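> So that we are looking at the same thing, I have put the structure below in structure tokens.
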Amino acid sequence: MNSKGQYPTQPTYPVQPPGNPVYPQTLHLPQAPPYTDAPPAYSELYRPSFVHPGAATVPTMSAAFPGASLYLPMAQSVAVGPLGSTIPMAYYPVGPIYPPGSTVLVEGGYDAGARFGAGATAGNIPPPPPGCPPNAAQLAVMQGANVLVTQRKGNFFMGGSDGGYTIW
């Protein structure tokens, strides 16, 4: 059937004699100290009482003249409360992200096909699911800011999430 013959055989690798391994089999590390108390409760981690009331205020704009900047000046530092043993070191106390009364724009956040259940109104932003961090709109509402949400773009060819149909 095959006039060329068989394929050449590959040489086998020589057997290595067992010897001392390059790395030690066990590595002795110091044991971590045991926990002395339970971790803090969820409500203790997210208390806004660690920020001084004056630290989270927004500087007011003075009467601007033509050509002046329309942006608010950045605060140089935020004064925080004394760090004690009650605050876990993994969490840093900070002020609100959105100043109260400000308006936050969330582009493409409104989905025309989304339904929020019975009794939902147009001004209702649902809370985040358990175990999930809040999105920008939910954070702004929690901190007293206004939220403006624009509709997600969709067309006949790109589709949408409103349960439409496809013609093949």
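Numbering starts at 1 and runs along the chain as it is shown here.
Yeah, the Cβs are placed from backbone N, Cα and C, and that goes for glycine too.
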> So one of SER69, SER77 should carry the feature phosphoserine according to Swiss-Prot; which one?
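Of the listed residues, Swiss-Prot records phosphoserine for SER77.
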> Taking 39-42, 111-114, 135-138 as the choices, which stretch does Swiss-Prot tie to motif 'PPAY'?
39-42
